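The following features are taken from Swiss-Prot:
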type	residues	note
BINDING	49-54, 75-76, 112-113, 141-142, K246, 276-278	NAD(+) binding site
SITE	E76	site 'Plays an important role in discriminating NADH against NADPH'
BINDING	Y227	substrate binding site
ACT_SITE	Y237	active site, proton donor
Amino acid sequence: MAIIHPKVRGFICTTTHPKGCELNVRDQIEATRKLGVREDGPKKVLVIGASSGYGLAARITAAFGFKADTLGVFFEKPGTETKAGTAGWYNAAAFDKFAKAEGLYSKSINGDAFSDEARAKVIELIKNEMGGKVDLVIYSLASPVRKLPQTGEVIRSALKPIGQPYKSTAIDTNKDTIIEASIEPATEQEIADTVTVMGGQDWQLWIDALAGANVLAEGARTVAFSYIGSDITWPIYWHGALGQAKQDLDETALRLNQKLAGEVKGGANVAVLKSVVTQASSAIPVMPLYLSMVFKIMQEKGVHEGTQDQLDRMYRDRMYRTDGAPAEVDEKGRLRLDDWELRDDVQNACKALWPQVTTENLFELTDYAGYKKQFLNLFGFERADVDYDKDVATDVKFDCVEL
């Protein structure tokens with residue numbers, strides 16, 4: 001038991017609130033339920049990177065939107081009697097509790113999702129507990145490091161531009177001030193390493209392993225999540241080292257799509273999602289300012305979505321349409337859920353606003369207050385229905401295999 005308040009260092013909140021995290025998950029489940037439960041979608045779903053952000057939302061839509069059995073893989077720190085674990089641990093615990101209450105199969109694996117050991121355990125569980133096959137594999141890993149399964153070498157990714165230094169207005173989120181950020185370009189080695197960590201190599205290893213073990217159902221599909229963004233963030237993102245990794249993901253999708261079409265009459269796509277507040281996005285310089293602006297503009301236009309809205313739309317309007325039509329894709333075969341964010345009226349409003357923002361008017365011209373609240377929400381804080389001066393149990397156990 002402990003009394004827990006937020007402590008923020010840099011772009012990380014070092015504390016988490018178990019009760020707040022549970023209520024966040026409950027709210028996401030309720031939002032999905034409101035759209036109605038369908039029986040005509042995925043039935044057995046594997047989510048790689050299932051404990052927060054888009055991966056968690058994908059698991060929630062599968063279970064509570066389509067009554068699917070789910071297996072989730074993630075790398076989180078469990079809580080102990082005296083110390084809170086990571087937010088993802090409590091998210092996964094809450095998901096498991098609510099799924100089981102609904103009579104759905106739910107199992108989780110806590111370990112390095114980049115490892116062959118994790119793949120072997122997943123295959124074993126699919127064979128022994130999930131009827132032998134899965135029909136949807138969601139790939140949603142966001143990690144700054146990857147340990148290569150063959151050699152054990154640890155590779156790190158770099159959030160850097162390519163070619164020349166990147167200079168831009170940004171928010172110092174610790175001081176709530178507008179600053180000039182400058183980031184030196186990535187070296188060739190850093191670019192290659194970023195592709196190794198964040199590209200499609202591991203996704204390919206997962207699908208190869210699952211296909212090789214014959215645990216992919218007829219018609220099985222796989223989706224990996226990506227972000228492209230607008231030209232406002234391109235220098236650091238799409239045209240930076242990370243963009244090279246995401247292009248590698250696109251190429252991997254084309255290969256996997258051919259493979260699955262041939263082997264199980266299935267398919268593979270990259271899904272390009274909108275920018276949202278996640279632990280991953282807050283680490284990208286310039287993103288907090290861009291998010292604060294784009295949220296305000298999209299709210300004013302009535303097209304703002306959170307992680308759960310995006311995933312509900314991906315399943316319902318793209319992948320599993322009630323009219324049975326194939327999903328709408330772009331020229332690279334990608335599912336585009338960033339369509340509303342990239343509307344000309346939204347982006348032009350952002351570009352007009354960008355040069356006007358100063359430390360003095362930051363809270364007034366943008367939804368930076370909303371950004372900050374959502375950031376703390378990720379860790380279970382800033383909820384009106386939680387008394388943060390009360391003791392809360394930190395040692396939460398659930399149906400999770402520790403690797």
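Yeah, the Cβs are placed from backbone N, Cα and C, and that goes for glycine too.
Shown on the structure are the features that Swiss-Prot records.
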| residue | record | DSSP (3 states) |
| --- | --- | --- |
| G49 | NAD(+) binding site | coil |
| F75 | NAD(+) binding site | coil |
| D112 | NAD(+) binding site | coil |
| L141 | NAD(+) binding site | coil |
| Y227 | substrate binding site | coil |
| K246 | NAD(+) binding site | helix |
| V277 | NAD(+) binding site | coil |
Alpha-carbon distance [Y237 (active site, proton donor); V277 (NAD(+) binding site)] in Å: 16
Pairwise Cα distance for G53 (NAD(+) binding site)/Y227 (substrate binding site) [Å, integer]: 13
Least Cβ-crowded entry, counting other Cβ within 10 Å, from the recorded positions listed as E76, D112: D112
Cα distance (Å, whole number) from F75 (NAD(+) binding site) to Y227 (substrate binding site): 22
Integer Å distance between the CA atoms belonging to Y237 (active site, proton donor) and F75 (NAD(+) binding site): 25
Pairwise Cα distance for E76 (site 'Plays an important role in discriminating NADH against NADPH')/D112 (NAD(+) binding site) [Å, integer]: 9
Residue among recorded positions F75, Y227, Y237 with least C-beta crowding, 10 angstrom cut-off: F75
Distance [Cα-Cα, Å, rounded] between D112 (NAD(+) binding site) and the residue listed as 'active site, proton donor': 25
Residues satisfying Cβ distance under 8 Å from S51 (NAD(+) binding site), sequence separation of at least 6: G72, F74, E76, T86, G88, W89, N91, A92
The residue listed as 'active site, proton donor' versus L141 (NAD(+) binding site) - Cα distance in angstrom: 17
G49 (NAD(+) binding site) versus Y237 (active site, proton donor) - Cα distance in angstrom: 21
